[in-house]
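*Asks:* Swiss-Prot lists Lys61 with the feature active site, proton donor. Taken from Swiss-Prot, the feature substrate binding site applies to Asp8, Lys30, 59-68, Thr118, Arg178, Gln187, 207-208.
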Amino acid sequence: MQLCVALDLEKKEDNLSLLQELKGLDLWAKVGLRSFIRDGAVFLDEIRKIDENFKIFLDLKLYDIPYTMANAALECAKLDIDMLTVHLSSAKSALTALMQRLNALKKRPLIMGVSALTSFSEEEFLMVYNAPLKTQAIKLSAMGKESGIDGVVCSVFESLAIKEALGKDFLTLTPGIRLDQNDKEDQERVANAKEAKQNLSDFIVVGRPIYQAKEPREVVLELLKDC
């Protein structure tokens, strides 16, 4: 299991300062919409300057028509990133077009499809998708696998079921990781790192428990022990 550190702080300088504290550790730097829109592609180069071994996870959750998604993913791949997220709800035609475009490259990032955001409650998911969350997450994940993507973004609570249905080689990335399960904030389906490993998660995403800590490096070291 590998650790992705979410870089969601208010200022670019704060994100870079956090990474300076984590220099030398085996982790992924997760760049989401806020940081990428604000700081641009140059931010990725600044991450590499701190530690060239940091792997870069661009969490943009692409969702559009097939032509637009394929072109956007290609431009993201040109940034030499290691992982990119897309929405499974964009459907098989879009995912297939995207993978055909990326597979023509000598090197491409891992493509992870978002099944159900961890902010969804069961009731909210049912309202949007008119299906039980776990059932639909597996169905969307199966479509993603058929399209050729590498894995899915899901909660810890769907990870094991997806692995059992689609095979252990199909990757799962699980956000909503907390040190204390009572600390939900804006997430609904949260778990800790040990539970993520028990449910065969390949990647975990941790943000606030790290960057809100007095000693972020110590928190990361503890998390890495559980990985």
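Each Cβ is built from the backbone N, Cα and C atoms, and glycine gets one as well.
Remember, predicted model here, so these are calculated numbers, not experimental data.
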*Asks:* Is Gly207 (substrate binding site) helix, strand or coil when read with DSSP?
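*Replies:* DSSP assigns Gly207 (substrate binding site) to coil.
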*Asks:* Have a look around Asp8 (substrate binding site) and count the other CB atoms within 10 A of its CB, chains all included.
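*Replies:* 17, counting other Cβ atoms within 10 Å of Asp8 (substrate binding site).
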*Asks:* Give the sequence-ordered list of residues that share a chain with Gly207 (substrate binding site), lie 6 or more positions from it, and have CB atoms under 8 Å from its CB.
*Replies:* Val5, Ala6, Leu7, Asp8, Lys30
*Asks:* Enter the number of other CB atoms within 10 angstroms of the CB of the residue listed as 'active site, proton donor'.
*Replies:* 17
